[in-house]
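The structure appears below as structure tokens.
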Amino acid sequence: MLTVSLLDAHLSRCRSARHLLQIHAQFLASGLLADAFAASRLLLFTTSAAAGRLLPRPLDHSLRLLRLVRSPNAFCCNTVLKAALRQGLPHLCLPLYASMPALPDAYTYPILAAACAARGDAGEGRQLHSHAVRHGFGDDVYLRNALMHMYSACGCVVDARRVFDEGPVWDAVSWNTILAAYVRAGDVEQAVGVFARMPERSAAAVSSMVALFGRCGMVDEAKRVFDEAEHRDAFTWTAMISCFERNGQFVEALGVFSDMRGEGWPVDEAVMVSVIAACTRSEVMQNGEVCHGMVFRAGLGLRLNVQNALIHMYSSCLDVSAARRLFDSGESLDHFSWNSMIAGYLKNGRVEDAKALFSVMPDKDNVSWSTMISGCVQNNQSSEALAVFDSMKAHGIRPDEVTLVSVISACTNLSALAQGKSVHKYIREYQYNITIVLGTSLIDMYMKCGCLDAALEVFDTVEVKGTPCWNAVIVGLAMNGLVTKSLDMFSEMEASGTAVPNEITFTGVLSACRHAGLVEEGRQFFKLMQNKYQIVPNIRHYGCLVDLLGRAGYVKEAEDLIQSMPMSPDVPAWGALLGACWKHGDSEVGERVGRKLVELDPHHDGFQTMLSNIYASEGMWQCVKDLRGSMKQHVAKAAGYSVVQPSHSS
């Protein structure tokens, strides 16, 4: 006769589906169906991980068993509900609850709340909440915590807060749950308020606040919470490291990691991924190699996320061979692994290796195609980029905006107007939204190919015209000789109120003034950018104005402008002034500028020739002779560096 003790003994030795079915048969034959406790023991086993390895559909088996039990209790029903949730079938929980043969207890509703959270279904969650209150469980703190989590997971933070505020008592889980709700929603103000009121700030609460501040770029606030924390755990340290890494403070991230190790905390997958990312972005290879060794000593070498972080690190730090060794040793690679390796090859200029790996990639996603296309463009292989794009379309994969921008850049680089128009047609055919980025790329392509009407047509179709769009039109029109139209567009940009001119805008308008010889307008724009828009002129702005003034004959003003530059003038700026001196016969300034240029670039024959001509025009023949002698000396020195060695006669 089977008893509960014998049933437990048989279950502990069960190692096959056949054995389990035999136990099940004995259970039915013994009459233990009437014993709810015995039924719960068998249900616990059939819903366990062990049974999952023995049966193809363990939940179906448990449901059939539950229906056979004569008087199941809430524990039996809850066991099956938890099994459905654990096995990734939360949609079955509410139907099971609706047909429960036993009254629910205090443990039933938290399970159902977790199922609603997993489904993100606030409507079902509210129905469940109402049922729980009607059955007298509304004040149960365990249930209230589960409801707060459910509402938070469904994006209903106001409902979560209402549950919290209505609670007669709160425990540590209550405080952590409502804090986590605000952290999840990114509500800094409310999270800070809850954190300040917490009776005890657990390590989990500190970790949540540090993570929230990190996501919002509030690094000082995160560090203050971290430093003042009474309780820390590994997650707290990881949150602080991630906060620094996310906000570009890589040295600080590695410093916190060093402190963490100094206090004896063990490393896990999450912290190592953040630390490796900090090493990658700081480009300090030695730190990365140390972390690599630490990863393997901690037994994390086969973790996929860690492997991917290391592959990305080595690729970014130009040790693509080390990245490939890791890639080849990986047992379960994912899309990120393949894409990182391909991107690493492309970043290191090894396009053929990238193409070879891309060709054998088993399942290319959109990122794979986009990486390959953009990498070819960046490595001056625009024709190859267009070929990859054609292959992408042939495989039936729709490109995203990033891919289309890269393809348009390839067309621009090749001046391939026909292919550019084809891409634009594709964009219209598939009804892509012409965003600022996509629109700017199309405008730039059409402008550089001389199709001004098409460029302006695209400009008109962009709904929200940001600064980049206006810049592309202003610069493009100036580049194509339509200076007046370019400056008119600048005026429209100012009047639009939708975009603010930036450094690139003023480079465009100053270039337009330079090409048209509009001296007074150029002076006004140079003042406008500083006085109205508080833009500090860069070397290109100074170069444009120097060239404009020099061409118009304002040589001394141009020289004074160069002398007033807050940065060291570059060779093009001095060269423009020297050309102006030669053109307008200003020997005095030309001689000073010419000597300066010969010092800066002694191998530039053009500058030396202009200076020689200036000396000759002044009758300074000895200076001409000395300069030409210096030119011959440079030519002789350059010849001495030939890699072709003359043969020696025997």
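Glycine is no exception: its Cβ is also placed from the backbone N, Cα and C atoms.
As annotated by TrEMBL, repeat 'PPR' applies to 171-205 (among others). For the repeat 'PPR' (171-205), the list of distant contacts is 141, 144-145, 148-149, 151-153, 155, 157, 160-161, 164, 211-213, 215-216, 218, 225, 229-233, 235-236: same-chain residues at least six beyond its ends, Cβ to Cβ under 8 Å.
According to TrEMBL, the repeat 'PPR' annotation covers 233-267 (among others). Taking the repeat 'PPR' (233-267) as a whole, pLDDT averages 92 in the prediction.
Feature annotation from TrEMBL assigns repeat 'PPR' to 334-364 (among others). Proximity of distant same-chain residues to the repeat 'PPR' (334-364), defined by a Cβ-Cβ separation under 8 Å and at least 6 residues beyond the stretch ends, is recorded for 304, 307-308, 311-312, 314-316, 318, 320, 323-324, 327, 371-372, 374-376, 378-379, 381, 384, 395, 397.
Counting residue by residue with DSSP, the repeat 'PPR' (365-399) contains 26 helix, 0 strand, 9 coil. Annotation source TrEMBL lists repeat 'PPR' at 365-399 (among others).
Per TrEMBL, the feature repeat 'PPR' maps to 466-500 (among others).
Across the repeat 'PPR' (466-500), DSSP assigns 27 helix, 0 strand, 8 coil.
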